[in-house]
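Structure first, commentary second.
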Amino acid sequence: MGFRKPFIFVILVCLETVFGYTPIEQVPPPPQALPVPGALDPASQQILKWAAQHPASEAGTVRDDQGCSVPSLTASLGIGSRGNLLLEDVFLVNEIAAFNRERIPERVVHAKGHGAFGYFQLTKDISSLTKADFLNGVGKKTRIAMRVSTVRGARGSSDIEREGRGFALKFYTADGIFDLVGNGNGAFPIRDPMLFNDLNRSRKRNPQTNVKDQTSRWDFGSLRPESIMHTLKTFSDHGANSRVIDGFGVHAFKFVNKDGVPVFVKFHWPSLQPFRWFNSTEISLIAGIDPDYSQRDLYNAIANHDYPRWLFQIQVMTVEQALKYPVNPFDTTKVWRPEEFPLMTIGELVFNENPVNQFNDQEQIAFSPERLVPGIEPSNDRMLHARMFSYPDAQRYRLGVNFAQIAVNKPIIPVKNYIRDGFMAAIPNGGGSPNYFPNSFHGPTVNQTVKENVFHVQGIVDRIDPVDDVEDNFRLARLYLYKDLTAEQRRRVASNLGGSLAGAIKEIRERAVRNLFFRITPEFGKQVWDDMQAAVDKNDD
């Protein structure tokens, strides 16, 4: 057993090189014992609980999808005990064919995710700002669903890795579905959707080696400095456990009230759970012990009636303020500072229901920023415009053209329209009603009271990549580091960044520090540089 210590040392050095993880002896003891999945937690006991609620007397017998009784689930139809199987065994054929088709395309990003159901309760009436029904009337409850996800990992990856988090909400309102497809840090890495594919490819697996590549990540990031705010928050203490992360709508939306007066808003939902951050070593250990840590934690909390809760807040910017704002207020790489645009608490999100079936309730749930209700409209946010197309288009590919008919995606109100047919049309499909408009035969008509806000636009048509110093990428990053974080929190951000950068080649990692972190402040740039060099030197030992 003399190989054990060198073997562990090699593992930790590799972790530090690739992910920026720090060896155990270099970090303080964890503030609490690391979680280990056990046989007594609710997630592990689920099947026993189900059996207790469904006695054997109610089990019934197996039938195939045509309603025919299945003669056996253990023996195929064949000639004797050693002869050939028979193709006429339709039950075997159906079993194999069904298994071959169980999987649907996984999400190209945000494949690893989990969620829950619950309710939103309004605590402050904002009918003066919006005519959206679910935001009018103190005490009103609206059913909601949520999904928290990592960005780059596949379905089987760890859900506690240090990376960006998606945090999506679905509101089942009396006016239809409202989706908030947000994230866990409040900013986006790019401001122009033309870069969306490249952003995600740079953070996924190398096309030849099929391993995650820190060089490509930092190559792209160092060439697009607008990603700095998203980068800093990703490498901060936030973003590991889904129950404690804050949620952000990221985009600016337009509220319109019953008088047609618009304002711009951003959504926030800060967590009400006690905050607990993980250092890099803890993250690597937990990911190895239980790659489903965050999912298990959320499931167990709800099963134990420790329902996770978030405040629901908005920031408001008038049209006049938007016109005078020194930078583009619709740039998703920026945030609206709360001292300029205070947070207004308008409600609370409570999640008290676990999914009944993960495939039905989570794998098939479809979020899209174009799912808006009267009183909430798009702003001039270009990333929002692109996502309003890309998300439903991805769902059509992944789930089929009629994905909105899947139970978890259906609104709570009856749907009548002139959309017909397509793969897996599962609703009445319009029955015998007219399938064209206008018509003279009592088909559904348009609600004349619903009308988008009218606004004036002017400008030149051009392709404009905003100049770096005009867009001021680093002012907000500086405020975040030196106003929102403590010195110790700032120190951990630098350490996490240095560890990650050490996995990139020399030219790229040094350019990243120069292009990004020294431009925040020389002090912070030097912190990151020193941590990066220390990690590189240790890797070279």
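Note: Cβ is positioned from N, Cα and C throughout, glycine not excepted.
According to TrEMBL:
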type     : residues : note
ACT_SITE : H110     : active site
ACT_SITE : N183     : active site
BINDING  : Y391     : heme binding site
DOMAIN   : 63-445   : domain 'Catalase core'
SIGNAL   : 1-20     : signal peptide
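Sequence features annotated in TrEMBL and their locations in the structure.
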residue: H110; record: active site; Cβ contacts under 8 Å, 6 or more apart: S149, T150, V151, G166
residue: N183; record: active site; Cβ contacts under 8 Å, 6 or more apart: G164, R165, G166, F167, G247, F248, V250
residue: Y391; record: heme binding site; Cβ contacts under 8 Å, 6 or more apart: V181, A366, F367, S368, P369, E370
Which of the three DSSP states, helix, strand or coil, fits H110 (active site)? coil
